[in-house]
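**Q** Structure incoming, see below.
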Amino acid sequence: MANDQNKDYDKIIVLDYGSQYNQLITRRIREFGIYSELKPHTITAAEVKKIAPKGIIFSGGPNSVYDEGALGVDEDIFKLGIPILGVCYGMQLMAQRLGGDVEPADNREYGKADIEVTDASAKLFHDLPKDQTVWMSHGDLVTRVPDGFRTTATSVNCPISAMDDDDRKFYGIQFHAEVQNTQYGHEILHHFAFDVCHAEANWSMDDFITKQIAKIRAEVGDKRVLLGLSGGVDSSVVGVLLHKAIGTQLTSIFVDHGLLRKGEAEQVMDSLKGKFGLNIIKVNAKDRFLNDLRGVTDPEKKRKIIGRDFIEVFNEEAAKLNGIEFLAQGTLYTDVVESGTDTAQTIKSHHNVGGLPEDLKFKLIEPLNKLFKDEVRELGEKLGMPHSLVWRQPFPGPGLGIRVIGEVTEDKLEIVRDSDYILREEIAKHGLDKDIWQYFTVLPGIRSVGVMGDGRTYDYTIGIRAITSIDGMTADFARIDWDVLQEISSRIVNEVKHVNRVVYDITSKPPATIEWE
């Protein structure tokens with residue numbers, strides 16, 4: 001959504017200082033019904049004034065305010081009379097620029113910490129317990145608050161864990177209120193948004209649909225749009241939204257690249273072409289993708305190859321059509337942040353944003369690139385899509401190509417397909433499909449000795465990844481009952497050829513990402 005489409009909404013903007021959590025802050029604010037968007041830290045006071053936000057949040061970041069070339073702020077922003085909340089690095093930056101002191105911590109803090117609220121009148125902590133558990137992630141700390149500020153919370157390793165200047169409506173927290181690990185993070189952000197900023201909850205998905213359709217129609221005019229369908233939730237929702245906006249001007253290409261889940265190609269054609277009437281061209285490009293991936297083991301190279309091949313297929317198919325000017329993609333907000341911004345450290349490139357060539361022949365339309373996964377599901381249901389389609393398991397653009405660790409071969413793909421199908425069957429059979437946010441199998445490329453029947457085997461290991469999450473930015477491993485896991489393991493080793501061992505991934509995000517590659 002462009003800014004001019006959001007003038008009717010109260011909004012709180014988040015300045016980007018490079019934290020991988022910064023998109024989470026915008027998500028939390030949107031959960032209150034307040035529109036929020038990330039802005040570069042280089043934004044000027046004049047630009048902020050034009051946006052007219054109800055509040056500003058300085059995000060965290062990986063650097064020190066004393067680093068050479070440290071990320072700063074237009075100090076005139078402090079003079080606008082707009083409430084500001086500094087989070088982690090954002091608090092340190094606020095303290096330094098307003099005359100306080102910031103120094104390296106004797107002990108870096110990463111993880112849970114206990115704080116004590118020292119001033120019961122502090123607005124951020126109104127009606128909250130004195131003792132709280134929060135999530136810290138910092139190497140520096142504020143050692144002296146600026147004039148006009150007071151300390152409002154403290155901890156053993158961080159004596160100034162929170163501060164405020166109520167008169168100027170400046171607030172700082174050294175911890176991350178946006179992550180689920182902070183006990184009262186939701187309430188703290190709620191206090192800032194409503195009690196400090198006095199923002200009104202007037203942003204909704206219904207409004208998003210109305211304005212996004214108007215935007216698409218204005219941008220596309222009478223031209224034609226090409227959409228790449230992957231079979232996942234994101235591209236399917238884009239297809240239905242575009243079809244609602246421009247009807248027959250949309251042509252969808254479904255590339256069967258040989259990296260899909262079992263039965264997925266048939267399901268895509270039946271659901272979107274049969275039930276929604278989308279014009280879909282199916283392209284069998286399996287041999288092309290597998291040939292280009294032969295011998296490639298580096299995950300970044302695999303992603304780039306898959307992204308490149310997608311675009312090349314689109315170019316070739318578009319050349320057969322007349323009047324195609326736009327390419328639509330199902331890029332999400334999380335795709336953008338994990339691929340890195342000017343200030344964020346790149347974790348991994350995403351298929352939707354990392355594989356595009358400089359000579360792209362189309363103008364891009366990415367109607368979901370400001371939405372999180374749970375918002376996309378809400379959008380799909382608002383558009384009348386069936387629950388079963390909207391709540392399908394998330395599936396990465398590169399497909400099973402990044403669930404086979406190392407070189408991708410047809411034999412390895414079959415192992416992942418068959419094991420993943422068993423996992424999905426068992427999860428559904430035990431009624432866990434609504435509780436587990438995402439679950440899939442992965443082939444790590446590890447072979448080990450086993451015994452099957454009376455003989456020795458030397459076969460592959462299958463990894464199971466099952467996580468709980470709200471928006472994909474942070475995640476925890478799902479606590480699946482041991483008996484269910486045993487049943488899944490037994491079926492996989494008995495029904496999937498060349499597998500003699502099953503392991504369960506019990507790593508959270510962070511430090512791991514959801515996908516293995």
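Glycine is no exception: its Cβ is also placed from the backbone N, Cα and C atoms.
So Swiss-Prot says this about it:
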- CYS88: active site, nucleophile (ACT_SITE)
- HIS176: active site (ACT_SITE)
- GLU178: active site (ACT_SITE)
- SER230, GLY231, GLY232, VAL233, ASP234, SER235, SER236: ATP binding site (BINDING)
- 11-202: domain 'Glutamine amidotransferase type-1' (DOMAIN)
- 203-392: domain 'GMPS ATP-PPase' (DOMAIN)
**Q** Counting across all protein chains shown, how many other Cβ atoms sit within 10 Å of the Cβ of the residue listed as 'active site, nucleophile'?
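**A** There are 27 such Cβ atoms around the residue listed as 'active site, nucleophile'.
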**Q** In this structure, which of the recorded positions HIS176, GLY232 has the fewest other Cβ atoms within 10 Å of its Cβ?
**A** GLY232
**Q** Taking the Cβ of SER236 (ATP binding site) as centre, how many other Cβ atoms lie within 10 Å?
**A** 26
**Q** Far apart in sequence but close in space: which same-chain residues, 6 or more away, have a Cβ under 8 Å from GLY231 (ATP binding site)?
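**A** Result: PHE254, LEU260, ARG261, GLU264, ALA265, GLN267, VAL268, PHE395.
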**Q** Give me the Cα-Cα distance between ASP234 (ATP binding site) and GLU178 (active site), rounded to a whole Å.
**A** 24
**Q** Could you measure between SER235 (ATP binding site) and HIS176 (active site) for me? Cα positions, answer in whole angstrom.
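**A** Just about 32 Å between their Cα atoms.
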**Q** Cβ-Cβ under 8 Å from SER230 (ATP binding site), same chain, 6 or more residues apart: which ones?
**A** VAL255, GLY330, PHE395, GLY397, GLY399
**Q** Of the recorded positions CYS88, GLY232, VAL233, SER236, which one has its Cα closest to the Cα of GLU178 (active site)?
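**A** Closest by Cα distance to GLU178 (active site) among the recorded positions CYS88, GLY232, VAL233, SER236: CYS88.
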